[in-house]
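According to TrEMBL:
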type: BINDING; residues: Lys124, Gln187, Gly219, Asp250, Lys393; note: UTP binding site
type: BINDING; residues: His220; note: substrate binding site
Amino acid sequence: FVQDFSQAMSQAGSSQFQEVIRQELEYSMKVELDKILATAHSNEIEHTKKDLEGFKKLFHRFLQEKGPSVDWGKIQRPPEDSIQPYEKIKARGLPDNIASVLNKLVVVKLNGGLGTSMGCKGPKSLIGVRNENTFLDLTVQQIEHLNKSYNTDVPLVLMNSFNTDDDTKKILQKYSHSRVKIYTFNQSRYPRINKETLLPIAKDVSYSGENTECWYPPGHGDIYASFYNSGLLDNLIAEGKEYIFVSNIDNLGATVDLYILNHLMNPPNGKRCEFVMEVTNKTRADVKGGTLTQYENKLRLVEIAQVPKAHVDEFKSVSKFKIFNTNNLWIALSAIKRLQEKNAIDMEIIVNPKTLDGGLNVIQLETAVGAAIKSFENSLGINVPRSRFLPVKTTSDLLLVMSNLYSLNAGSLTMSEKREFPTVPLVKLGSSFTKVQDYLRRFESIPDMLELDHLTVSGDVTFGKNVSLKGTVIIIANHGDRIDIPAGALLENKIVSGNLRILDH
């Protein structure tokens with residue numbers, strides 16, 4: 001008994017002690033944030049204050065939470081009817097008045113990311129992906145095509161970050177004559193914190209020059225607060241808009257789907273969904289994607305970062321968790337407004353560690369847009385075809401979308417009918433292809449890939465014009481070697497290694 005008692009006492013003591021430390025950390029953070037705010041010019045004070053308030057809330061929650069945020073024992077498979085097959089939704093067909101349904105829609109693209117992972121400066125959305133068209137061009141073409149076809153007025157909203165806002169706004173002038181109203185708002189700007197001291201590394205509000213590393217956009221979960229704070233949410237509701245379709249601007253499969261929109265606006269049971277998440281079946285390449293589960297009687301998105309270490313392999317298994325989140329989301333505007341005003345949107349915190357150029361370890365606190373699914377009423381998953389998930393994260397992805405595997409029509413990419421099976425080849429380009437400009441230099445023209453299953457390229461390799469790749473092709477140039485695949489070559493189920501130089505005669 002004595003032992004139990006003293007143990008209980010010391011536990012109580014340690015939790016009190018932790019509470020004191022928490023309070024001290026929060027107080028120190030407040031002091032530092034006040035100092036930063038004091039450096040703001042009068043025209044920046046209002047939005048800087050909103051940003052820092054939002055950050056303070058997030059930091060408070062970060063100090064409260066312990067360990068992985070899900071209790072693994074409570075995770076259940078979602079009930080049958082909570083994830084509907086797309087075929088069933090499509091089978092309902094479309095009503096005659098599809099234009100009136102479309103006029104209630106707003107397309108939102110997450111446009112906060114830079115092209116740094118592909119060696120590009122500036123917003124990722126301005127990288128050319130197909131016939132000189134950028135991600136942004138294709139998006140505008142898609143919506144313009146909708147508006148012309150149905151005589152509607154679907155606007156495009158871009159959620160920019162402080163990293164992408166200026167460059168994006170300059171480019172938007174070129175669409176001034178297109179039949180799409182384009183609006184932008186900025187996501188918040190939060191201070192990175194020192195991993196050791198848990199205090200901001202910024203000393204003032206500026207974010208140019210050497211201060212660029214002090215700040216970060218806090219993930220796409222920030223959409224709810226920043227959309228609401230921008231005033232744009234209220235304006236769109238006032239115009240009679242009811243749903244937003246949100247997706248990553250680099251997902252070329254995320255086009256407006258009229259069948260899903262009709263299902264939202266005219267639900268078969270009369271009860272509208274406030275939140276729909278498009279999920280699709282996992283392949284071996286997607287084992288890390290977040291999955292939908294049933295948790296405490298609600299649909300809930302579980303990301304790999306929330307899974308206790310002992311269960312990570314189980315989480316990755318394709319048999320137990322068959323689907324993952326594409327981040328194509330359909331959300332009711334009125335529900336965002338209601339929940340935002342009640343401060344009732346609950347998203348798990350993602351702690352993202354970074355090492356800055358000078359070697360300093362920092363953390364940034366982020367949230368993910370899909371994690372809010374559990375805060376909305378009557379949420380639904382729709383299991384969509386893989387073609388709605390076509391993200392371009394690397395030059396390997398870029399090679400697929402530039403190739404003859406896809407045809408381009410009114411800004412939308414569709415898999416070529418000449419490909420005999422609907423799966424996409426697995427492409428792995430080595431580090432010599434990581435940067436877009438290196439990648440473009442290594443292909444005189446994009447190879448014919450209609451019959452390709454698998455391509456691995458490593459080392460100093462270049463491709464001549466009109467090369468055809470079929471089956472499984474592996475090309476490996478060892479260190480110091482170079483391989484030039486000659487123009488017009490056909491490689492079918494081939495392994496090429498060693499040295500192969502084609503000299504121009």
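Each residue, glycine too, has its Cβ placed from N, Cα and C.
TrEMBL: automatically predicted annotations, no manual curation.
Positions of TrEMBL features highlighted on the structure.
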| residue | record | Cβ neighbours (10 Å) |
| --- | --- | --- |
| Lys124 | UTP binding site | 24 |
| Gln187 | UTP binding site | 28 |
| Gly219 | UTP binding site | 23 |
| His220 | substrate binding site | 23 |
| Asp250 | UTP binding site | 22 |
| Lys393 | UTP binding site | 14 |
Expressed to the nearest Å, what is the distance separating Gln187 (UTP binding site) and the residue listed as 'substrate binding site' at their Cα atoms?
8
Per the record, UTP is bound by Lys124, Gln187, Gly219, Asp250, Lys393: how many Å separate the farthest pair of Cα atoms?
21
Rounded to the nearest Å - Cα separation of Lys124 (UTP binding site) and the residue listed as 'substrate binding site'
15
Can you tell me the CA-to-CA distance separating Lys393 (UTP binding site) and the residue listed as 'substrate binding site', as a whole number of Å?
16
Cα distance, the residue listed as 'substrate binding site' to Asp250 (UTP binding site), nearest Å?
14
